[in-house]
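**Q** Below are the structure tokens for one structure; questions will follow.
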Amino acid sequence: YLPLPGAVADPWKLMLLDATFRAAQQMGHLIHYLRLSHHLIVLNYLICTFDLYQLESVSSEDIKVTDAVFDGVEVRVFEPPARGDESLKRGVVYIHGGGWALASARTSLYINLCRIMADSLKAVVVSIEYRLIPQARFPEQYLDALRATKHFLQPDVLAEYSVDPSRIAISGDSAGGNLAAAVCQQLSKEEDLTIRPKLQALIYPVLQAFDFNTPSYQQNRNMPVLPRHVMINYWLYYFNGNHELAHALLINNHTALDVGQALSFRGRLNWTSLLPPSFKKDYKPVVQTTGTAEIIQKMPALLDVRAVPLLADNETLQLQPKTYVLTCENDVLRDDGAMYAKRLENAGVDVTLDHFHNCFHGCMIFTLWPTDFSAAFQTRSSYIKWLDENL
């Protein structure tokens, strides 16, 4: 599958990136077939091993970088130098993407992003190194992110890092955006919590597994670097589900009209009313009359709001902080973010939906040669600008 001419910025670079990623996937599947290791472990090993830059964790003149453990969860902390005119700094909890299975807070792509955030915002950035598939499955990634965030929000920990308790954001991209949204929802409901995030910033987040035929899933079903079948597989890995169910999920058999468990959630994900006409275009909903109720019974997490934050009730959404959602046109997850932004707006939350017409899923982290996309600089600049103005 190739992107249409003009559909994305830097299309030839995207084709190169996609071809490289697919080659690494094939190598991982071969090793998996030989029963030497799980293919996701191999793929992540290749990603980390052939990281071209391997930016070290040592401190620089501008940013101090240290590793720590927050309530049993590894984190990497980026601290800007103290300024004479300001005693307390802003704080950002960042959760990396990768389908709950890939990447790391220690890869150059995320080290570079967090260093730039810490420097540009003069903020302490805590990058969470949550456990990955296959060693961990839902809800372990969510619980890691929640524990580390709650630890950071303790008054004595914030004081240790000279962070202003009233100026903290939680953020993440893709699967990290999923975890950030879920953690933020949980924090908003904990009555004994004295410090809560001021903001949440979600970068092309994955927020639902209810409908794999939203307009963006249909439009971008074969788009690099996250085609629809790959996103469905990530969900199955996350829930430790049987991959023979992939086709049933693809055609929405798990949320058919006769699947009683799904009925109460249907109104919360009605894209015909939540998306703007420019997103809906001429696409039609795919709603099966008769489906496969056993899928929900085997994987109840498909309707667990800790895994699918878009299905949260309005009472929970009303408690969310000021929110930024970044979406890309050439991304199966575009409508996840747009629907969440609209539901938050309907619940009375101050929301900014920042949509990029020529960008693709995952683009923001690719700022280093040879995968230095113009889309990355566009999205990163807009994201950091919003944080700077609102945090």
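From the backbone N, Cα and C atoms, a Cβ is placed for every residue, glycine too.
So TrEMBL lists these for the protein:
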ACT_SITE  Ser174  active site
ACT_SITE  Asp331  active site
ACT_SITE  His361  active site
DOMAIN    92-249  domain 'Alpha/beta hydrolase fold-3'
DOMAIN    302-364  domain 'Alpha/beta hydrolase fold-3'
**Q** Tell me the Cβ neighbour count for Asp331 (active site), meaning other Cβ atoms within 10 Å of its Cβ, over all protein chains shown.
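**A** So the number of other Cβ atoms within 10 Å of Asp331 (active site) is 27.
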**Q** Counting by DSSP secondary structure, give me helix, strand and coil numbers for the domain 'Alpha/beta hydrolase fold-3' (302-364).
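**A** So the domain 'Alpha/beta hydrolase fold-3' (302-364) is made up of 24 helix, 19 strand, 20 coil.
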**Q** On the 0 to 100 pLDDT scale, where does the domain 'Alpha/beta hydrolase fold-3' (92-249) sit on average?
**A** 96
**Q** Within 10 Å of the Cβ of His361 (active site), how many other Cβ atoms can be counted across all chains shown?
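**A** So the Cβ neighbour count for His361 (active site) comes to 26.
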**Q** Once the chains shown are all counted, how many other Cβ atoms turn up within 10 Å of the Cβ of Ser174 (active site)?
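**A** Other Cβ atoms found within 10 Å: 29.
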